[in-house]
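Note sheet for the following structure.
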Amino acid sequence: MKVLVINSGSSSIKYQLLDMNTEEVLSKGLVERIGINGSRIVHRINGEKHILEEEIPDHEVGLKRVLELLTSEKYGVLKDLKEIDAVGHRVVHGGERFASSVKITDEVLKTIEALSFLAPLHNPANIMGIKSAMKLLPGVPQVGVFDTAFHQKMPAKAYLYAIPYEYYEKYKIRRYGFHGTSHRYVSKRAAEILGKPYNELKIITVHVGNGASVAAVNKGVSVDTSMGFTPLEGLVMGTRSGDIDPAIVEFLEKEEGLSAKEVVNILNKKSGVLGLTKGFSSDMRDIEDNAIEGDPVCRLAFDVYEYRIAKYIGAYAAAMNGVDAIVFTAGVGENSPIMREEIIENYLGYLGITIDKEANNIRGEEKIISTPDSKVVAMVVPTNEELMIARDTKEIIEKGLDELKL
Ligand code: ADP
């Protein structure tokens, strides 16, 4: 069975074609700058990267070009589009309606559209991807896998904000959490690597990339996570502030003569390590390099970043009344030995974790990075959201399901 995975953003489409009999990636790539000058496709097959610069006015043209490439003589891996058995879509917001991965029907599509008020930047872009795929691959089943779904089993005490309850009832203001597909993938994989049943483990997953969140996964269920009503809450990120006192919004409105919308835009796009380093960089590689060379501004930004992660790990160990494994993943989590070492050495000794410095000196591979005598295992598990989406898609299609409970 061949599954095409699509992650459609506002001006980009990420794609991966997988052979789900072997879970091998046949081709993958990225259509970027859709509708903007300088649009291009970065297409990969057989370990080779091809960059095709061409005009791509909208998502439908972008996906059409991807399908042409996948079946072309020069860049292709398919003889015919009929070889694509199903399409799996990443969908950011499933609200309270979707706690599972689902087969996309007209009713499901309408519901995703209706949920756009919760994710105005993301869901409309996801919908463009779904509609384009439905049009260009008629009759091919489509599946939606939601970033929020894995967190839908969180108890009310974790998802409710202590604001007037009517706002939850009226507007559905609550913690939803994001990166669910990644937290689900790495926590499951961690259990496999440890050789223990998933439903017996208490796992804290630390997904730190451009966006960043922590989740408490108790016996296979996400019981809390750091992102909230939007992906702005929680950890310090590349450009996002994470947790702040909400009264700062009004204060800045008054003092800087800004609208609330402008302040929130600053919290999303000009804050995080970018803001802490006075606009120097949102990329943790730059921050890390300069911090190591002794730059005090970058060192402080790195400290704030690590400290917030450590506090969430402590909070989630408390939330689950214990922890068996802490899993680092995503761009920074997979590739920054120094961040992992500093967090473990400076803050997690009380949990009985000792870092194995040699084991920790890796990037982007599965590895246990704590010493064998540690009471809690620390590990690195590279995330693979596309594979998780393709697996859900395969299971739904093969078993003829309408939805797959997570
Ligand atoms: P996204 O949230 O966009 O999926 P990723 O998970 O790919 O992001 O993470 C991207 C980030 O990972 C980069 O912005 C960079 O800060 C960080 N990163 C990548 N490699 C390293 C590295 N070697 N050391 C520290 N940070 C890294």
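In case you wondered, yes, glycine gets a Cβ from its N, Cα and C as well.
As annotated by TrEMBL, Mg(2+) binding site applies to Asn7, Glu385. TrEMBL lists Lys14, His207, Val208, Gly209, Asn210, Gly211, Asp283, Met284, Arg285, Gly331, Val332, Gly333, Glu334, Asn335 with the feature ATP binding site. Taken from TrEMBL, the feature substrate binding site covers Arg90. Taken from TrEMBL, the feature active site, proton donor/acceptor covers Asp147. The annotation site 'Transition state stabilizer' is assigned in TrEMBL to His179, Arg240.
If you measure from the Cα atom of Val332 (ATP binding site) to that of Glu385 (Mg(2+) binding site), you get 16 Å.
Listed in sequence order, the recorded positions from Arg90, His179, Val208, Asn210, Arg240, Glu334 having a Cα within 10 Å of the Cα of Glu385 (Mg(2+) binding site) are Arg90, His179. In the three-state DSSP scheme, Asp283 (ATP binding site) is classed as coil. Residues Lys14, His207, Val208, Gly209, Asn210, Gly211, Asp283, Met284, Arg285, Gly331, Val332, Gly333, Glu334, Asn335 are the ones the record ties to ATP, and the longest Cα gap between any two of them is 23 Å. The least crowded of the recorded positions Lys14, Arg90, His179, judged by other CB atoms within 10 A of its own CB, is Lys14. Highest local Cβ density among the binding-site residues Val208, Val332 belongs to Val208, counted as other Cβ atoms within 10 Å over all protein chains shown. Rounded to a whole value, the Cα-Cα separation of Glu334 (ATP binding site) and His179 (site 'Transition state stabilizer') is 15 Å. Proximity of the recorded positions Lys14, His179, Asn210, Arg285, Glu334 to ligand 1, judged by a Cβ distance under 6 angstroms to any of its atoms, singles out Asn210, Arg285 in sequence order. On its own chain, Asp147 (active site, proton donor/acceptor) has Arg90, Val91, Val92, His93, Gly94, Phe178, His179, Gly180, Thr181 as residues at least 6 apart in sequence with a Cβ closer than 8 Å to its own Cβ. Shown are the binding-site residues Asp283, Glu334, Glu385; of these, the residue with the fewest other Cβ atoms within 10 Å is Asp283. Ranking the recorded positions Arg240, Arg285 by how many Cβ atoms sit within 10 Å of each one's Cβ puts Arg240 at the top.
For the pair formed by Lys14 (ATP binding site) and Asn7 (Mg(2+) binding site), distance between Cα atoms is given as 5 Å, rounded to the nearest Å.
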